[in-house]
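S.K.: Have a look at this one.
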Amino acid sequence: MASSPFLLFPLLLLFLLPLTTTSTSSHQTLIPTPLQDYPTLTPLLDQTLTHVTTDSSSLHLPISHHDSLHVTSNLTSSSLLLLRLTRDSNRVSSLHSLLGLPRHANRTFVSPIVSGLSYGSGEYFTRIGIGTPQTQSLFVLDTGSDVLWVQCAPCRRCYNQTGRIFNPWNSRSYRSVPCMAPLCHRLDLPGCDKRRQKCLYEVSYGDGSVTTGELSTETLTFSGGARIGRVVVGCGHDNEGLFVAAAGLVGLGRGPLSFPSQLARRYGRQFSYCLVDRTSSGAPPKPSSIVFGSGSVPAGIAFTPMVRNPKLATFYYVQLIGISIGGAPVSGFAQSDLRLNRQTGRGGVIVDSGTSVTRLARSVYVAVRDAFRAGTAGLKRTAGGFSLFDTCYDISAHSEVKVPTLAMHFAGGSVVALPPENYLIPVDTKGTFCFAFAGTDSGVSIIGNIQQQGFRVVFDADRERIGFVPRGC
């Protein structure tokens with residue numbers, strides 16, 4: 001029997017092992033590589049992407065690292081990291097707002113993505129052509145939202161983006177969604193332009209960013225030529241806030257209008273991504289990809305069940321049951337500190353592509369941080385912290401250091417064992433490294449993309465499970 005065709009979509013990510021195969025070593029070696037200031041590079045939208053491989057059942061497309069983005073700023077790498085962490089705080093506030101929490105400090109396809117670090121943001125981007133003829137645009141990939149939208153001309157208010165703003169009047173495949181259409185009523189708060197009988201959308205983010213415009217359907221074209229028609233897209237004529245460089249956003253959440261949900265009939269509700277190191281500057285850059293369909297789920301990987309929040313369907317929750325440092329379980333907090341309260345919708349643990357730094361409920365963070373400090377007593381602590389980070393070290397005199405292992409333990413017996421580069425990261429060019437976790441008083445914990453680097457994370461909504469694949473990029 002012929003195999004089902006599938007398409008591939010390039011991206012970036014994490015790492016998970018069965019509990020029975022976790023290393024018994026208490027320490028691992030970190031080779032310190034300070035931050036580097038980035039040169040001016042060829043803009044991603046000006047590059048020609050080529051196929052890695054092609055066969056009758058799949059389309060393999062290359063993906064670009066953040067070094068493919070055009071850096072026009074004179075800011076240092078440390079200043080760019082500070083900007084990223086500021087945006088990260090805004091991102092977390094946005095998620096808390098959506099959650100109603102207090103705001104504290106069988107077929108597959110693939111598309112290219114890049115890290116947004118060089119723009120001072122923590123998001124990852126993919127290049128997509130929108131319309132017929134297509135307008136090549138950069139989109140943020142976001143597991144914490146549902147609507148796919150793009151800035152559209154004419155603009156009442158638009159922020160600066162990379163590349164041309166999409167003009168729907170120039171596209172033969174653009175169609176407005178009528179007010180009475182079922183698609184319009186899939187929006188949480190549908191609006192209607194009664195004079196033109198066109199469906200209106202608005203998406204507000206907790207950091208004050210907002211996009212408004214008309215709901216439409218449009219054709220999307222991915223690198224390598226794969227085309228998907230009649231995708232529901234918000235055509236935003238009024239957009240403002242903390243969006244950086246991208247023309248729009250691809251919502252990868254669990255809601256009915258998210259991109260994976262729209263592809264469900266054709267590809268199933270399965271996708272995976274792998275995030276490359278946000279600061280790697282090797283030549284050539286490491287490849288990354290996001291894959292939709294059956295080809296997104298590698299064989300023989302361990303999964304942990306998804307947890308559903310009845311108060312908000314968008315987010316991907318998992319049950320984190322513990323953390324170990326140096327091979328020993330961390331004590332000093334209750335498992336209930338990490339558990340979702342299904343009655344109130346509060347608490348729990350989210351896997352999120354748009355948050356950079358993992359946030360742990362305060363009691364959990366303090367216990368984990370103190371255990372890590374105890375395991376690094378031989379390293380020179382700095383007098384102060386750096387932005388979100390309160391535990392930093394001066395290791396400029398070392399060519400390598402031993403640090404305690406760190407692993408996250410999930411329901412179902414899965415263990416995510418992080419490499420040292422994912423939790424002790426450089427913050428300047430001088431050799432200062434910080435423990436890349438932070439505490440939160442909101443109750444909800446978030447597994448961020450710094451901790452996901454280098455691994456493939458699999459979101460299988462058909463079977464309600466999430467998997468983590470070691471060395472998945």
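From the backbone N, Cα and C atoms, a Cβ is placed for every residue, glycine too.
Sharing the record's features from TrEMBL:
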{"type": "SIGNAL", "residues": "1-22", "note": "signal peptide"}
{"type": "DOMAIN", "residues": "124-469", "note": "domain 'Peptidase A1'"}
{"type": "ACT_SITE", "residues": "D142", "note": "active site"}
{"type": "ACT_SITE", "residues": "D352", "note": "active site"}
S.K.: Can you count the other CB atoms that lie within 10 A of the CB of D352 (active site)?
M.R.: 23
S.K.: So what pLDDT does the domain 'Peptidase A1' (124-469) average out to?
M.R.: 90
S.K.: Round to a whole number and give the Cα-to-Cα distance in Å for the pair D142 (active site) and D352 (active site).
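M.R.: Pair distance, Cα basis, whole Å: 8 Å.
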S.K.: If you draw a 10 Å sphere around the Cβ of D142 (active site), how many other Cβ atoms fall inside it, taking every protein chain shown into account?
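M.R.: Total other Cβ atoms inside 10 Å, all chains included: 25.
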